[in-house]
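Engineer: Handing you a structure now.
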Amino acid sequence: MNKWLILPSKISVHPLYLLIACIGIMTANFWSVLFVSIIIFCHELGHAIAATSFNWRINKITLLPFGGVVDLDEHGNRPTYEEFIVTISGPIQHLTLYIIANFLFQMNLMPENLYTLFINYNLSILCFNLLPIWPLDGGKLIYQLFSLIFPFVRAHIYSLYSSFVFLLLSSLLTIIIQPMNITIWVCLLFLIVSLWGEWKNRHFVVIRFLMERFYGNEQYIQKIKSISLNKETKLFQVFSNFQKGYKYNVVFSLDKKNQQMLDENELLHAYFTEKKATYSLEELIS
């Protein structure tokens, strides 16, 4: 089936979203509910369309009370430029929505009060999503920057560290400026829970990154890199040197005259198939 035709079937609405929407409508906030829904939907659709154009695997698109999530079956081995385009395709939709709203307003098809309300929501949601906190788009952009410099493991960890710092600063700023704003605190609570979940699962994130490479998703790897390690280095420690976009050969010396090399496929096979995660490089060839 055409990948574009099945995209609508991936969309789902969280029950809590429906509950809050109903409460909003019953409390005479129909336009607020409608505008926020349109903005969130278009934002996530931007991500989904970009991901689909690159043949990324989309599991589900979920609309949540305070945002949306595009659940992707991708684990860090796609080119950085693809990740960047998929990430910014959400925020770009806010510009599109602004242009449409401004056109409707200029044509007298949208009252000034509704236009102002829509623009405020559009800008607020955009600014929130660009905060450099995982899993927001701003946090993902920080990770992508780190991934250009550091190995995958460190890039992921550093992006979480920086997210914790910015989340703390955001919380302190909220205490000073808007201590009674329940909406902001709910959003911050969502970020705390999401970030803590990502931190707890950081080891599984690395495993999925390696499994994707092990099972042959290497068509995006353009370069081969050799790294020299100590023969006592454990196999699980070797992978902390792997950076996205590279295929690795690991070189180590048994003595001054005997140099050995293991390629990435051999190392991944030893890790996943032979269960030798705690073996040293020397033990792997003995």
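Each residue, glycine too, has its Cβ placed from N, Cα and C.
Keep in mind that TrEMBL annotations are predicted by a computer and have not been checked by a curator.
Relevant sequence annotations retrieved from TrEMBL are reproduced here:
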{"type": "DOMAIN", "residues": "33-105", "note": "domain 'Peptidase M50'"}
{"type": "DOMAIN", "residues": "112-169", "note": "domain 'Peptidase M50'"}
{"type": "TRANSMEM", "residues": "16-41", "note": "transmembrane segment"}
{"type": "TRANSMEM", "residues": "84-105", "note": "transmembrane segment"}
{"type": "TRANSMEM", "residues": "117-136", "note": "transmembrane segment"}
{"type": "TRANSMEM", "residues": "157-176", "note": "transmembrane segment"}
{"type": "TRANSMEM", "residues": "182-199", "note": "transmembrane segment"}
Engineer: Kindly report the helix/strand/coil residue split of the domain 'Peptidase M50' (112-169) according to DSSP, in that order.
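Structural biologist: Counting residues per DSSP class in the domain 'Peptidase M50' (112-169), I get 47 helix, 0 strand, 11 coil.
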Engineer: Taking a Cβ cut-off under 8 Å, which residues six or more beyond the ends of the transmembrane segment (182-199) line up next to it in the same chain?
Structural biologist: 66-67, 128, 133-136, 160, 163-164, 167, 170-171, 174, 205
Engineer: Please work out the helix, strand and coil residue numbers for the domain 'Peptidase M50' (33-105) from the DSSP assignment.
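Structural biologist: Residue counts for the domain 'Peptidase M50' (33-105) by secondary structure: 47 helix, 13 strand, 13 coil.
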Engineer: Considering every residue in the domain 'Peptidase M50' (112-169), what is the mean pLDDT value?
Structural biologist: 95
